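Residues or ranges marked as ATP binding site by TrEMBL: G52, S53, G54, K55, G56, T57, R165, K208. The ribonucleoside 5'-phosphate binding site annotation in TrEMBL covers R78, K99, I100, V101, G126, F127, P128, R129, R169, R180. For N133, the entry in TrEMBL reads CMP binding site.
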Amino acid sequence: MGSVVDATNNMGSVVDATNNMGSVVDATNKEANGSAQTNKNVKVVFVLGGPGSGKGTQCANIVEHFGYTHLSAGDLLRAEIKSGSENGTMIQNMIKEGKIVPSEVTIKLLQRAIEEKENDKFLIDGFPRNEENRAAFESVTGIEPEFVLFFDCSEEEMERRLLNRNQGREDDNIETIRKRFNVYMESSLPVIEYYDAKGKVRKIDAAKPIEEVFEAVKAIFTPASEKVAA
Ligand SMILES: Nc1ncnc2c1ncn2[C@@H]1O[C@H](COP(=O)(O)OP(=O)(O)O)[C@@H](O)[C@H]1O
Ligand SMILES: Nc1ccn([C@@H]2O[C@H](COP(=O)(O)OP(=O)(O)O)[C@@H](O)[C@H]2O)c(=O)n1
Ligand SMILES: [Mg+2]
């Protein structure tokens, strides 16, 4: 049905291999909710896709080739558990259940990470994962993504990858994986549809081998002016 989120691996019309980094977002002058706004002009790309679709793997490649800083919402939450923070137990329980942690917690971690880094280009991986994440991030930080990189992969393949990930994660077991797939379908896909309606989604066939996926990713990040004419 040609929808961006039909979970088939077809490279539908949302794939736009031209590069469109747009202008740098100016988040300095907004005062939404009276919350602390980030005082940096930053360029953000959201990296979305189901659990096991390869977001973290490809972000590492993008960092190496294109000079972005990688911020994984899941990694920041896991670090927060390890640090012994007062929210640690709550976060741990939510991750075990495959649930989305309340936005204020995750956004604080993302904001702090953005402020701490020298860089002005960020890949935000695994966020926003639901409508609450999306709307709260926008109103708290005033940041709009340049575009959304969407890794499209079948559940069957994602499940196989997660069960072989071997990073000792408490959520890489079949019970939690099933819950995460449900949350992904119900809460995360609508966010991707939201950005697709704004023409911001760059969809990648993520079921291919890592190197082939990165070739498609490169085409999106390479400025059009640097592409060799065919
Ligand atoms: N294109 C790919 N083909 C096969 N395995 C992959 C591919 N991309 C990633 N993997 C593997 O799948 C697992 C999940 O990848 P990861 O990058 O952690 O995904 P995500 O961050 O989207 O959950 C890892 O073990 C990774 O090495
Ligand atoms: N925006 C986010 C991102 C992750 N998380 C939690 O962290 C878990 C792991 O996220 P992750 O991005 O590391 O997972 P993968 O997609 O990389 O497998 C999710 O299942 C959620 O429980 C969250 O609550 N909110
Ligand atoms: Mg990941």
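Just so it is clear, glycine is given a Cβ too, placed from its N, Cα and C backbone atoms.
Using a 10 angstroms CA-CA radius around I100 (ribonucleoside 5'-phosphate binding site), the binding-site residues that qualify from G52, K55, T57, N133, K208 are N133.
Ligand 1 lies under 6 Å from the Cβ of G54, out of the binding-site residues G54, N133, R169.
Highest Cβ count within 10 Å among the binding-site residues G52, G126, P128: P128.
Comparing the binding-site residues R78, R165 on other C-beta atoms within 10 angstroms of each C-beta gives the minimum for R165. Neighbour list (G56 (ATP binding site), Cβ cut-off 8 Å, at least 6 residues apart, same chain): S72, D75, D125. Every protein chain shown contributes to the tally, and the Cβ of N133 (CMP binding site) ends up with 24 other Cβ atoms within 10 Å. Considering other CB atoms within 10 Å as the measure, the emptiest surroundings among the binding-site residues S53, T57 are those of T57.
When the binding-site residues S53, G54, T57, I100, G126 are checked against ligand 2, I100, G126 have a Cβ within less than 6 Å of one of its atoms. In three-state terms derived from DSSP, N133 (CMP binding site) belongs to a helical segment. Checking the binding-site residues (G52, G54, K55, T57, R165, K208) against G126 (ribonucleoside 5'-phosphate binding site) with a 10 Å Cα-Cα cut-off leaves K55.
The Cβ neighbour count for K208 (ATP binding site), using a 10 Å radius over every protein chain in view, is 16. The Cβ neighbour count for R169 (ribonucleoside 5'-phosphate binding site), using a 10 Å radius and every protein chain shown, is 13. Spacing of K208 (ATP binding site) relative to P128 (ribonucleoside 5'-phosphate binding site) is 24 Å (Cα to Cα, whole number).
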